[in-house]
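Each remark here refers to the structure printed beneath this line.
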Amino acid sequence: LAIPPFNYPVNLAVSKLAPALMAGNTVVLKPPSQGVVAGIHMIKCFQAAGLPAGTVNLVTGKGSEIGDFLTTHPAVNCISFTGGDTGIAISRKAGMVPLQMELGGKDACIVCSDADLDLAATHIIKGGFSYSGQRCTAVKVVLVMQDIADELVRKVHAGVQKLKVGRPEDNADITAVVSEGSANFIQGLVEDAKAKGATFLTDWKREGNLLWPVLLDNVTADMRIAWEEPFGP
C-alpha cells in the first residue's frame, strides 16, 4: 500500500512504487485527496506503457473514510506512507505489517560565526519559502550564533520582503497553501507566537488560503511554532 503526499504526488508516489515493483510485488496506490488527478494520470501512463493489469491498482477517496479499511486489510503486507500525524494512527492500527514512513519534522538551519551570511540568508529563504513552505524538508527554524544574529536577521528580512505573493500562473514565489484547514492551522501557530511575545519582522496577512510570508524572531520554547511543523510560509 503506497500513500504519497499532496506536495509531490507523482515524485513520491514513484519512489514508493518502483522498489515494490522491482521486488516483484503488486501495489495499491492511494493518492492524496488533494492530488488525485495526478495519481490517475500516472496510472494511465503505466497502462499505456504496457504494465500488466493489476500490477498497480488505484484507490481514491478521503483518508478519513477509507484509510482504516486499506491499512488494516489482510491483503496488505507493507505500507509506505509520507505525511504528518496520520502516520502515528496508521502505525497503531497496522499491527505487525512492515511500515516505511516519512513524517513531519522541525528542520533547522545552523549558522556559525564564520559563515558567509549572504549565502546563508539566500539558502534560508530558498529552503524556507520554496513551495510556500509546504515541504517536509523546508527550513523551519534558524539557530544562529549571537554575535552574527542581528546581521543575519537583517539579510533574511530583506530577502523575504522581495518575495512575490500571488498566483502560480503569475510566477509568484508564495502561493496559496493547499487548504483552508492548513491556513487555519498556520494562523493558530502565528497567533500563539504573537500572544507569547515573539517579534514579528513581517506583518501577518491572509487572504483565504493565501498567506504572506512570516518571519519571527525571539521565539521561545513555550511557543507552538518552536515545535510544531507549520507546512506553510
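The backbone N, Cα and C atoms fix where each Cβ goes, glycine too.
Over in Swiss-Prot, the protein carries these features:
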- Asn7, Tyr8, Arg135, Cys136, Thr137: substrate binding site (BINDING)
- Asn7: site 'Transition state stabilizer' (SITE)
- Lys30, Ser33, Glu180, Glu229: NADP(+) binding site (BINDING)
- Gly83, Gly84, Asp85, Thr86, Gly87: NAD(+) binding site (BINDING)
- Glu102: active site, proton acceptor (ACT_SITE)
- Cys136: active site, nucleophile (ACT_SITE)
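Structure with Swiss-Prot features highlighted.
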residue	record	DSSP class
Asn7	substrate binding site	coil
Ser33	NADP(+) binding site	helix
Gly83	NAD(+) binding site	coil
Glu102	active site, proton acceptor	strand
Arg135	substrate binding site	coil
Glu180	NADP(+) binding site	helix
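Sequence-distant contacts of Glu229 (NADP(+) binding site), defined as residues of its own chain at least six apart whose C-beta falls under 8 angstroms from its C-beta, comprise Gly84, Gly104, Gly105, Lys106, Cys136, Lys140. Around the Cβ of Gly87 (NAD(+) binding site), a 10 Å sphere holds 18 further Cβ atoms from the protein chains shown. Among the recorded positions Asn7, Tyr8, Glu102, Arg135, Glu180, the ones whose Cα sits within 10 Å of the Cα of Gly87 (NAD(+) binding site) are Glu102. The full span of the recorded substrate binding residues, Asn7, Tyr8, Arg135, Cys136, Thr137, taken as their largest Cα to Cα distance, is 12 Å. Comparing Cα positions, Asn7 (substrate binding site) lies closest to Ser33 out of the binding-site residues Lys30, Ser33, Thr86, Glu180. In the three-state DSSP scheme, Glu229 (NADP(+) binding site) falls into the coil class.
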